[in-house]
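Per TrEMBL, ATP binding site is recorded for ASN40, LYS57, GLU111, ASP112, LEU113, ASP246, ALA247, GLU248. The annotation substrate binding site is assigned in TrEMBL to ASP229, ARG344.
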Amino acid sequence: MPQYRTFTAADAVAYAQEFGGLANPACLVDAQEVGDGNLNLVFKIFDSAGVSRIIVKQALPYVRCVGESWPLTLDRARLEAQTLVEHYKHSPQHTVQILHYDPALAVMVMEDLSSHRIWRGELISGVYYPQAATQLGEYLARTLFHTSDFCLHPHDKKAQVARFINPEMCEITEDLFFNDPFIDHARNNYPAELEAQVAALRNDDDLKIAVAGLKHRFFSAAQALLHGDIHSGSIFVAEGSLKAIDAEFGYFGPIGFDIGTAIGNLLLNYCAQPGHFGPRDAAAFREQRLQDIRELWLTFAERFETLARTETRDAALAYPGYAARFLQSVWKDAIGYCGTELIRRTVGMSHVADLETIEDDEMRVACISHAIELGKYLILIAGQVENVEQFIARVRQKG
Ligand SMILES: Nc1ncnc2c1ncn2[C@@H]1O[C@H](COP(=O)(O)OP(=O)(O)O)[C@@H](O)[C@H]1O
Ligand SMILES: CSC[C@H]1O[C@H](OP(=O)(O)O)[C@H](O)[C@@H]1O
C-alpha cells in the first residue's frame, strides 16, 4: 500500500491516468489545484486540449484554512467517498459520481463538474436557476428516505450507522454550530460594531436552552445518512441540473439538520441582497430566495411522504398518518438548525461569500446584523411555525 504523501500536480495527473477510468489515459497531461473550500486539495486534471476531464481530491492531515496547528483525520476522505457513493445509489441525478477511493492516500477520483457552477457564486451574482430548489428537495428526500428506518431493515440500519460513525467531523459541527457563537471563543469572528448584539446571544437563557436541544438531537438522533454540510457552496448547478458534492461531514443524524442547513444558506443570501443590489432591487432577488425555500420544503415533504406511503418496510412506521407526523418534527428541527447556520456563519469562524463580499462596510455590517437577529429569532420560534407559508411570513416580518 502506498504511504500517505501530499500530492503535487504531477502526482495528481499520474493518479488520474491510473484510476480515472478513461479509455485513453495518456491524454491527461496537466493539473491545477482549484480547492477553495476550508479543508482539502482539489485538482482539475486537463487533457492536451486544455479541457478539464476529471477531478482528484485529497484530504490534508490538517484543516487547510487554518494550517497544521489544527490537525484533522484523513479518514474524512473515506466518509466523504462513502457518503457520496451511498447518496449516488439513491439519487444519481443529483450526486457527483465517485470513480475511485484510496484510503492510504486519502484520495478520491470523481466526475468532473466543470460544466456546472457553484450555486453560491450564482446566487451572489443574481443568476437564477428556477429548478434548483426542486432538485435539491428531491435529492434530500431520496437520500434521506432511503437511509432511514422507513426504508432500511433494522439490522442494515444499525450496520450503516456504525459504518458512518464520524466523530472528528461531527465534533467540528458540534463546536462551530452549537458552542462557539454562544460563548466568548477565540475562533469567533464578527464585526466589532456588533459586540452588544453578540453578547446578547451569550446571555439569553431561552436561546441557549433551545440550542442545547438542537445539539442534543445532533448528538443522538440517528434518523438518516445526512450530507452533513449541504450549503450552497457544496452544490453545483447548471441549466436543468443540480449535483451535491463535498460530503465529508456525512453521518447518521437528524434529517432536519440537512434541510435547515440548505434553507439557512438561502436565507444568508436573502440577508445579503441589499449589499449587492441595493435596497430597492434586492426585493426581487429576495422573493426568489423565499420561493426557493418554499419549493425546497414542499418538494422534500411531498416526495418523502410519497416514498413513505409506497415504500416503507416497517409495519409500525407505515401506519397511515405517521410519516406526516414525523415530517412535522423534521420541519421544526429544520427551522432551529437553519437558525444555527445563520449564527455560526456570521458570529463563528466560518463565513459565507454572500455576506463577506459586500464592499460597503456599513451595509455589510447591517446585513450581518440582520442574519444574526433572524437566526436567533428562528431558533426561538421554531416550535411555533406550523408550515412554510408561516415561516416565510415570519422571515418577511423580520425585515
Ligand atoms: N467534481 C468537481 N468538479 C469540478 N470542480 C470541483 C469538483 N469538486 C470540487 N470542485 C471544485 O473545488 C472546490 C472545492 O471543493 P470542495 O469539495 O468544496 O472542497 P472542500 O472539501 O475543501 O470544501 C469547489 O468549490 C469547486 O470549485
Ligand atoms: C474547520 S472547518 C469549517 C467549515 O468548513 C466546512 O466547509 P467546506 O468543507 O465546505 O469548506 C464546514 O462547513 C465546516 O463547518
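Cβ atoms are placed via backbone N, Cα and C, with glycine included.
Within the same chain, residues at least six positions away from ASP112 (ATP binding site) with a Cβ under 8 Å of its Cβ are LYS44, ILE45, SER52, ARG53, ILE54, ILE55.
Filtering ASN40, ASP112, LEU113, ASP229, ASP246, ARG344 by Cβ distance to ligand 1 (under 6 A) retains the following binding-site residues: ASN40, ASP112, LEU113, ASP246. Secondary structure from DSSP puts ARG344 (substrate binding site) in a helix. With respect to ligand 2, the binding-site residues GLU111, ASP112, ASP229 contribute ASP229 as residues with a C-beta closer than 6 angstroms to one of its atoms, given in sequence order. Binding of ATP is attributed in the record to ASN40, LYS57, GLU111, ASP112, LEU113, ASP246, ALA247, GLU248, and the widest Cα separation among these residues amounts to 18 Å. Using a 10 Å Cβ-Cβ cutoff, ALA247 (ATP binding site) registers 28 neighbours. Shown in sequence order, ILE54, ILE55, VAL96, GLN97, ILE98, LEU99 are the residues of the chain, 6+ apart in sequence, with a C-beta less than 8 angstroms from the C-beta of GLU111 (ATP binding site). It is GLU248 that, of the binding-site residues ASP229, ASP246, GLU248, has its Cβ surrounded by the most other Cβ atoms within 10 Å. Look at ASP112 (ATP binding site): DSSP puts it in coil.
The two recorded residues LYS57 (ATP binding site) and ARG344 (substrate binding site) have their Cα atoms spaced 26 Å from each other.
The Cβ neighbour count for LYS57 (ATP binding site), using a 10 Å radius over every protein chain in view, is 27.
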